[in-house]
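Here's the structure, in structure tokens; my notes come after.
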């Protein structure tokens, strides 16, 4: 087995019919953690339902259905391997809450794979003003992604046309450049997620494709397939030396064990014996044990999805959206208010002070009021255009002061990136995205459990 491969997380984005499920399903199917027996069961079931031809997407549909029913499915099913990496697919899209998940979840992703349908009319629909392709790519950039792979899918439906491919590459390079990506650092790969061309093996149908190349500070890399492009992702730097921040996804009550909060370590490390604080709940207690995938860990590191057992804390005291931190090392606090730079993506009217939509920031989902519009700025240059604007509308970018309607814990993006970016949701869509510049924190005395008091004396 040798040394374990580095883990990387990818998110797959693109228009609804671009073939994301088929492409992702194909990778998971061919290089993934699904055992042969499960695959055979899937195939049999798909055939019985007359979905024989649909097996890759079907794999994903099965997994997704289980995930949505709340069955904690074996996360190995969402993994596949490249020569260098263990890859986890963070979100298989097509999910209603995909954009919300992107904001709350992609703090996790190291790279975005943008799937584009090459078919006539399909590409145009995806990239049109209201197509999802642009919105997803803009979100990815705003959320701090700098690594992008573009796969131009369904090349079989274009009769493997080089002209069509070149036309799409030119158009996509243009719009991702406008957003802020450097197209030179982005590999473009023509694929058929369905037939498997250029997925794992070089296609014989596109002899004209001489391969992708990407240039980054680390040097230039080339390859032929999507798998190679994923293998060429720059290895992520995990922020384990920062103080602990762990937003809770759920809190379980487990018989014989007690209260078990679950979440992903975003920064720092968590280990047994640590005295942790939950904000904004203001509860302090000792961590009894930390585990991942039912195995005890000596410490949870950034990127790990862990469950940890805490003493003398009831399930009613803490909840999803709370943030766990080390009580002795820059503990997290409740946020009274914060200033943020927001980009208005799509709002039918005008937004003025007093607007109070729901914010999704890490795992918190709380209404926040735009209490003051401080200044309007040019989205591309970041320069100030106007002080105290009366309103902002779609396409504008502004610095605003926000006040949460209920206790909430957020951080400045520069200190803790995953806790410093958010989506503004209203009318079932993402109205704006934002990055937090500064936070006004609340100091409040909270509940310190007996276990914490005892552990602190040690």
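In case you wondered, yes, glycine gets a Cβ from its N, Cα and C as well.
It should be emphasised that the depicted structure is a prediction, and the values quoted were computed from it without experimental measurement.
Within the listed segments 14-21, 22-29, Swiss-Prot records region 'G1' for the stretch 14-21. Within the listed segments 83-86, 87-90, 91-94, Swiss-Prot records region 'G3' for the stretch 91-94. Per Swiss-Prot, the stretch carrying the note region 'G4' among 149-152, 153-156, 157-160, 161-164 is 153-156.
For residue 79 (N6,N6,N6-trimethyllysine), the nearest neighbour among the binding-site residues 14, 17, 20, judged by Cα separation, is 20. Across the structure, residue 14 (GTP binding site) and residue 30 (N6-methyllysine) are spaced 22 Å apart at their Cα atoms.
On a Cα basis, residue 20 (GTP binding site) lies 15 Å away from residue 30 (N6-methyllysine). For the region 'G1' (14-21), DSSP puts the residue distribution at 2 helix, 0 strand, 6 coil. Fewest other C-beta atoms within 10 Å: among the modified residues 30, 79, 316, that description fits 316. Around residue 155 (GTP binding site), the same-chain residues at least 6 positions away in sequence with a Cβ under 8 Å from its Cβ are 118, 161, 165, 190, 191, 192, 197, 203, 205, 206. Geometry remark: residue 390 (N6-methyllysine) versus residue 17 (GTP binding site), CA distance 40 Å. The recorded positions under consideration are 20, 390. Their Cβ neighbour counts within 10 Å are lowest for 390.
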